[in-house]
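Written out below as structure tokens is the structure these notes cover.
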């Protein structure tokens, strides 16, 4: 009887562990690597929707410029959103800015973050070096995501030991305005990770779409042939067509 009881308790414990590991990550704390146009935009929308954000770049000067740009963008949002209540608009701007911290040392700030979103130069080697380093310092549950628009997510994920917690999260410019977000799932990305990123995108007020890890994902894969055909039409000297047709 004791043996049966032990087996039952072991089974229950194992099931509980499996259930816990299958739970989605609720992203509350976000670290954005790269204070350029895309990174600053991602930081802004994350902070404006109640997330705690750390924006990381190489120098304090870059970060100061990024923070100033975010404030200017927020004031434009507040002007429309709180057109009849200027005080509420100012409070919205100040509250959002207060949830964005900055740092020049990525490794020192990823230990307690739920999500790292990379938005740096489109160079595979540089991205791999960054994620390989951060992989050593980030918490076990932390999800890594790249905002790349063209590089293969799998190639970036392979630089880490958390391929199951790695995906693409492709925003569009300008981030505060554009609603679409491509969530790119590699063959190694877990369903839990994918669903966590979909939920995060929705929490930002975005419209996430699922993508396979193929060149250009969806939008850019369609856009490039479209632009090439436009060039060919121009070379042939077409009369053109009115906007809206």
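Backbone N, Cα and C define each Cβ position, glycine as well.
All annotation found in TrEMBL is predicted automatically rather than curated by experts.
So that you can see what the record holds, here are the features copied from TrEMBL:
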type	residues	note
BINDING	73, 80, 149	CoA binding site
DOMAIN	29-214	domain '3-hydroxyacyl-CoA dehydrogenase NAD binding'
SITE	170	site 'Important for catalytic activity'
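Feature map: annotations from TrEMBL on the structure.
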residue : record                                  : contacts (Cβ under 8 Å, 6+ apart)
73      : CoA binding site                        : 40, 41, 44, 174, 176
80      : CoA binding site                        : none
170     : site 'Important for catalytic activity' : 147, 148, 149, 181, 182, 183, 184, 211, 217
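When every Cα pair among 73, 80, 149 is compared, the largest distance found for this CoA site is 30 Å. A simple way to gauge crowding: the CB of residue 149 (CoA binding site) has 18 other CB atoms within 10 angstroms, across all the protein chains here.
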